[in-house]
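The structure under discussion appears below in the form of structure tokens.
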Amino acid sequence: MADGDSGSERGGGGGPCGFQPASRGGGEQETQELASKRLDIQNKRFYLDVKQNAKGRFLKIAEVGAGGSKSRLTLSMAVAAEFRDSLGDFIEHYAQLGPSSPEQLAAGAEEGGGPRRALKSEFLVRENRKYYLDLKENQRGRFLRIRQTVNRGGGGFGAGPGPGGLQSGQTIALPAQGLIEFRDALAKLIDDYGGEDDELAGGPGGGAGGPGGGLYGELPEGTSITVDSKRFFFDVGCNKYGVFLRVSEVKPSYRNAITVPFKAWGKFGGAFCRYADEMKEIQERQRDKLYERRGGGSGGGEESEGEEVDED
């Protein structure tokens, strides 16, 4: 979001938390601004701007500090949806945290007041961009630090010119008390402007030329399951190589993911079903053996009791 790009940053009339449809006739890449929303959280202002250019719709998030300093992130609408879901996980985790102990705050002060280790971390990867989300804490409180790194060699929605392979990064810090308000504002923009997202079918640099580009305007919704302390996310995406399923394994301090192409889903599903059936049979056999062992030790006693009852 360059200076002057956003209608809300220019001080346009919608006021705090107001949607502000706007458009731009010319400019670089003929970018059109579709909506803008402003949030005031503690002493910071956050702007969420939905924009569109020839490559599709995308979201720009800007943080404006008390001194006027700005940090900006750029997300495709598909990544924005993943980001919204991740915010839900952080909100849930934050709600379960108790207050910081005096010892923890004192330790933070001894370290110069800087953030302690992350209370929860996740990351998102899409094409040439990576997003790192860390819930941290310092003497001023808890906050979600969001860092974006961009490989300039990959192009994309908001990428400007730069030497191939060169990485740049931007970071914003969202006070934890504003997580729900921020998530709800983001969800509203996605609901209103994410339905016709061409990028969902083509990827940040994609078009209609790839194997899946432009052919899959609708994909299955993502889902997740929780097992003990782990959570597994299933997200369907599409890029120039076709449709894929990303399976992410998430623990409080760890995240790993695999990507399964659409043509292998049937084989993966068959393998899972086969192993589930085999394990069910193994468990049943073990249970039967356990019952037999228990019955063998007490069977005689049960029979004698039955005979005594008959004699009575």
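Positions of Cβ are set from backbone N, Cα and C atoms, glycine also.
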Which one of S8, S23 shows up in Swiss-Prot with the note phosphoserine?
S8
Phosphoserine: annotated position in Swiss-Prot, out of S224, S298:
S298
Give the mean pLDDT for the region 'DNA-binding' (28-254) on the 0 to 100 scale.
77
What is the separation, in Å, between the Cα atoms of T31 (phosphothreonine) and R294 (omega-N-methylarginine)?
75
